[in-house]
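Asker: So Swiss-Prot says this about it:
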ACT_SITE  122  active site
BINDING   46, 71, 100, 122  S-adenosyl-L-methionine binding site
BINDING   126, 158, 199, 200, 201, 202  substrate binding site
């Protein structure tokens, strides 16, 4: 969903370039992302961070991991980063990329990212837009290019069609998972919901009684 523009967004992002990296700088940062964090530790990347509730929650819950939230919408990335900054200042283990998730391999070297998260991605329901889905084969190739061998992609959605499409896409690409790695109703599963950090969309869909689908797939 496209957010209404915020007049303050552009200036705020420019003033906080230490925590929000634009696309050009992100490309130049390849192989050197650890230098932006206080400590060298595994980097987890969320593609399509929206307003940032998930990535902030994860960074607060797991200080032993460095997190990067990537978002293409200026308003969304500004809201996410400012919310984080206003609540807790500059977190030592959280940075953002204001950029496109298409071509993520131009930002990171092989193995530089330890895990990729996709949360409530745009389903792009029309067949002619299939290649825009973040679980389409060209995106999977990009994720594989930055993850270590057998790297993991974690995907959550409320959209049953997109979930089924994604499972087929993962399988066709050669990715694997076990029965313990997926659920058709996350919040009805006491074991799998442990440690779950909710997104803004997730909370909205839960309030409507819609099931949340989740899978962890490995290359």
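A Cβ is built for glycine as well, from the same backbone N, Cα and C atoms used for every other residue.
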Asker: Express the distance between the Cα positions of residue 202 (substrate binding site) and the residue listed as 'active site' as a whole number of Å.
Answerer: 13
Asker: Check residue 46 (S-adenosyl-L-methionine binding site) against DSSP and tell me helix, strand or coil, would you?
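Answerer: Strand, per DSSP.
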Asker: My understanding is the cutoff is Cβ-Cβ under 8 Å with a sequence separation of 6 or more in the same chain; which residues meet that for residue 71 (S-adenosyl-L-methionine binding site)?
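Answerer: When sequence neighbours closer than 6 are ignored, residue 71 (S-adenosyl-L-methionine binding site) has 48, 49, 50, 52, 77, 80, 96, 97, 98 within Cβ distance under 8 Å.
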Asker: Within its own chain, what residues at least 6 apart in sequence put their Cβ under 8 Å from the Cβ of residue 200 (substrate binding site), listed in sequence order?
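Answerer: When sequence neighbours closer than 6 are ignored, residue 200 (substrate binding site) has 50, 51, 53 within Cβ distance under 8 Å.
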Asker: Rounded to the nearest angstrom, how far is the Cα of residue 100 (S-adenosyl-L-methionine binding site) from the Cα of residue 199 (substrate binding site)?
Answerer: 20
Asker: Between residue 201 (substrate binding site) and residue 46 (S-adenosyl-L-methionine binding site), find the distance joining the two CA atoms and give it rounded to the nearest Å.
Answerer: 15
Asker: Hey, does DSSP put residue 199 (substrate binding site) in a helix, a strand, or just coil?
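Answerer: DSSP call for residue 199 (substrate binding site): coil, neither helix nor strand.
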Asker: Just name the winner among 100, 199 (the binding-site residues) by count of other CB atoms within 10 A of its CB.
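Answerer: Output for this query is 199.
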Asker: Using a 10 angstroms cut-off on Cβ to Cβ distances, just flag whichever of 46, 122, 158, 202 is the loneliest among these recorded positions.
Answerer: 122
Asker: Could you state the CA-to-CA distance between residue 158 (substrate binding site) and residue 46 (S-adenosyl-L-methionine binding site) to the nearest Å?
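Answerer: So the Cα of residue 46 (S-adenosyl-L-methionine binding site) lies 17 Å away from that of residue 158 (substrate binding site).
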Asker: Rounded to whole angstrom, what's the largest C-alpha distance between any two of 46, 71, 100, 122, listed as binding S-adenosyl-L-methionine?
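Answerer: Site span for S-adenosyl-L-methionine, by Cα atoms: 14 Å.
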Asker: With every protein chain in view, what's the tally of Cβ atoms within 10 Å of the Cβ of residue 201 (substrate binding site), excluding that atom itself?
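Answerer: Residue 201 (substrate binding site): 20 neighbouring Cβ atoms within 10 Å.
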Asker: With DSSP assignments reduced to helix, strand and coil, which class does residue 126 (substrate binding site) get?
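Answerer: Going by the DSSP assignment, residue 126 (substrate binding site) belongs to neither helix nor strand, so it counts as coil.
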